[in-house]
Amino acid sequence: MWSLFARDIRLNIRAGGGALTGVIFFLAVIATIPFGVGPDLRLLSRIGPAILWIGALLSCLLGLDRLFQADREDGSLDLLVLGNDRHMLALTVLVKCLAHWAGSVLPLVVAAPLLGLFMNMEPLAIGATALTLLVGTPAITFIGAAGAAVAVALPRGGLLISVLVLPLTIPVLIFGVSASYGATANPDPFLQPFLILAALTLFLAVLGPVSAALALRHGTD
């Protein structure tokens, strides 16, 4: 499994600069917000955590179509589906999700504190938002794995994956933003939404790969 993890990270780095593309798109989203809302620094600071989360969510969707595409093109996906039992296939999908997150999504989390400065956010708000992104973005990848498995046979399935995945990520977005605001707004709690966000990630770490494995196996039948 470690060799599969390392291989997929190398593929994510080499595949058209996927991580760099996501970071550039993330930067573009954050940089255009001040032009839309005006020069009100207090307003930018207030909406900063939500904007960072929305930008990270949209950036995560960019590379989901590549999750199984390389394996399908070289034929290794068929070998994985036909050669593994159901549980091993789900574990393989989980490893691929973690590799995709480490290679394509983790750079977004690393870039988030710097982009938070563009939104005039306080250091505590930046740290809380980065922490929630670190915990919550794997859930987006796990959800995206199921969508990528459904659309893997389509030549241009990126748009379909976004349509399938985006509504399912709303709970992750809600609790991620709530926890980010809870760290700086006294009446709002931080721990409760953060723990729910962590629980969602753990739950989807099981449900997402299992659903993706079923979709992949059904697609080869």
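Any Cβ shown, glycine's included, is placed from N, Cα and C.
Remember, TrEMBL labels are computer predictions, not curated facts.
Here TrEMBL flags 12-35 (among others) as transmembrane segment.
Here TrEMBL flags 47-68 (among others) as transmembrane segment.
What TrEMBL records for 89-118 (among others) is transmembrane segment.
TrEMBL lists 124-152 (among others) with the feature transmembrane segment. Long-range contacts of the transmembrane segment (124-152) within its own chain (CB-CB distance under 8 A, at least 6 residues past either end) are made by residues 45, 48-49, 52-53, 56-57, 60-61, 64-65, 67-69, 72, 77, 93, 96-98, 100-101, 105, 108-109, 112-113, 116-117, 158, 160-161, 164-165, 168-169, 172, 175-177, 179-180, 182-184, 190, 194, 197-198, 200-201, 204-205, 207-209, 211-213, 215-216, 219.
Away from its own ends, the transmembrane segment (159-182) comes close to residues 49-50, 52-54, 57, 61, 64-65, 125, 128-129, 132-133, 136, 139-140, 143-144, 146-148, 150-151, 188-194, 196-197, 200-201 of its chain (Cβ-Cβ under 8 Å, at least six residues beyond either end). The feature transmembrane segment is assigned by TrEMBL to 159-182 (among others).
For 194-216 (among others), the entry in TrEMBL reads transmembrane segment.
Within the chain carrying the transmembrane segment (194-216), a Cβ under 8 angstroms from the stretch's Cβ atoms is held by residues 68, 77, 80-81, 86, 89-94, 97, 131-132, 135-136, 138-139, 141-146, 148-150, 152, 171-172, 175-176, 179, 182, all 6 or more beyond its ends. Sequence-remote contacts of a segment are chain residues at least 6 beyond its ends whose Cβ falls under 8 Å from one of its Cβ atoms, and for the transmembrane segment (47-68) they are 12, 15, 18, 21-23, 25-26, 29-30, 33, 37, 77, 96-97, 100, 104-105, 108-109, 112, 115-116, 119-121, 125, 128-129, 132-133, 136-137, 140-141, 144-145, 147-149, 151-152, 157-158, 161-162, 165-166, 169, 173, 176-177, 180-181, 216.
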